Amino acid sequence: MTTTPTLNEPADPLDVRPTPLALLLLGRESDPRSERGVDCPGDLPAPSDPGLVERARAAKARLGEKVFILGHHYQRDEVIEFADVTGDSFKLARDAAARPEAEYIVFCGVHFMAESADILTSERQQVILPDLAAGCSMADMATAEQVAECWDVLTDAGVAGTTVPVSYMNSSADIKAFTGRHGGTICTSSNARRALEWAFAQGEKVLFLPDQHLGRNTAVLEMGLSLEDCVVYNPHKPGGGLTPEQLRAAKMILWRGHCSVHGRFTLDSVNEVRERVPGVNVLVHPECRHEVVEAADFVGSTEHIIKRLAEAPAGSKWAVGTELNLVRRLAKAHPDKEIVFLDRTVCFCSTMNRIDLPHLVWALESLADGKPVNRIQVDAETEHYAKLALEQMLALP
Ligand code: SF4
């Protein structure tokens, strides 16, 4: 996530110029505090190399059918240009599984997405993440150890036996495996309601991981639960910061995680854009805070946002609360509509943006030379249980 000082706000919030800080956040400088490290073990081409586009084309052509490039909706334009298919994380993982002839799946997305692709593709296929530093801050908010400890807390409170875990697709393979081990399901932002309905038919409570906002918005705004039915489990506090009585009384136990991109939008963003753009429709992703989703006119997954804007009448006005790369592309694709970013400050997914043309060129050229780099591999046991949870999602009524 990149924020420009408000004093230097560009007149057009879609007109964004890079700053030295932005370059660091976008992974073009070294950041020793990054959770997975920014440095690549290879010889990355310089971002200023004028031949990058040609090199990417040539490497892709050398690989032919052996490579299949997936581009997440939030990726930069320079990377999306080389994607064989674009989509959200689950769609992309399934697209990869449907291309068994592709020996290499190059995932231009983040770490948990590449893990899901590895889980769903065959053993013969290798999943490559062009920059290992492309993690997801939300997925990192729930570690396997923290979630195991939470389950112990639920067990001590006497509620684990009646609690069904529901984990958002945006979680690590470890968390998906935990979910499968405990009879739960994975969900996406498109099927969260169906997943919760299924879970409440299996048990009395849901442990929703790791995005508290998607869990709360779905339970309260779509299923009629009250805010009092929800509690937030904070992994950084003993017992999650909750008493056994609070756990016993709750229906939704929400993990204290959020998306650092969607969590940025506030009620002020909505009020400000309504003043700035009279007649605007506010369209947001359900990973946004509860009060933002409540104040918006429409809410939906990334695919929903894309479809709604495509179907909107010419001349209509839209303020969109999702990742900036996607909003900019949608604004370009629909010049007959006025599409603006919901916030006045810049808000990219900084980890997703680490995958840039130099990393893609490096990954493709290495593959073309027969030296795969940055392979993402989930171990067999984790894969087995994670698959159970993913299969449960596919079997949702
Ligand atoms: S947009 Fe949010 S949930 Fe998606 S990869 Fe970035 S930090 Fe993670």
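Glycine too: its Cβ is placed from the backbone N, Cα and C atoms.
Predicted, not measured: the structure shown is a model, and the values here were computed from it.
The iminosuccinate binding site annotation in TrEMBL covers His72, Ser89, Tyr168, Met169, Asn170, Ser189, His285, Pro286, Glu287, Thr302. Taken residue by residue with DSSP, His72 (iminosuccinate binding site) is part of a strand. Remark: His72 (iminosuccinate binding site) has Thr86, Gly87, Asp88, Ser89, Leu92, Cys108, Gly109, Val110, Met113, Met352 as non-local neighbours, by Cβ distance under 8 Å and separation of at least 6 in sequence.
Feature annotation from TrEMBL assigns [4Fe-4S] cluster binding site to Cys136, Cys259, Cys349. In sequence order, Val110, His111, Phe112, Asn170, Thr351, Met352 are the residues near Cys136 ([4Fe-4S] cluster binding site), counting only same-chain partners six or more apart with C-beta under 8 A.
Marked as compositional bias 'Basic and acidic residues' by TrEMBL: 28-38.
Per TrEMBL, region 'Disordered' is recorded for 28-50.
In the structure as shown, the Cβ atom of Tyr168 (iminosuccinate binding site) sits within 10 Å of 28 other Cβ atoms.
For ligand 1, the neighbouring binding-site residues among His72, Tyr168, Cys259, His285, Cys349 are Cys259, Cys349, by Cβ distance under 6 Å. Taking every pair among His72, Ser89, Tyr168, Met169, Asn170, Ser189, His285, Pro286, Glu287, Thr302, the residues recorded as binding iminosuccinate, the greatest CA to CA distance is 18 Å.
Around the Cβ of Glu287 (iminosuccinate binding site), the same chain contributes Met138, Ser189, Asp211, His213, Leu214, His258, Cys259, Val261, His262, Gly263, each under 8 angstroms and 6 or more positions distant in sequence. In the structure as shown, the Cβ atom of Cys349 ([4Fe-4S] cluster binding site) sits within 10 Å of 27 other Cβ atoms.
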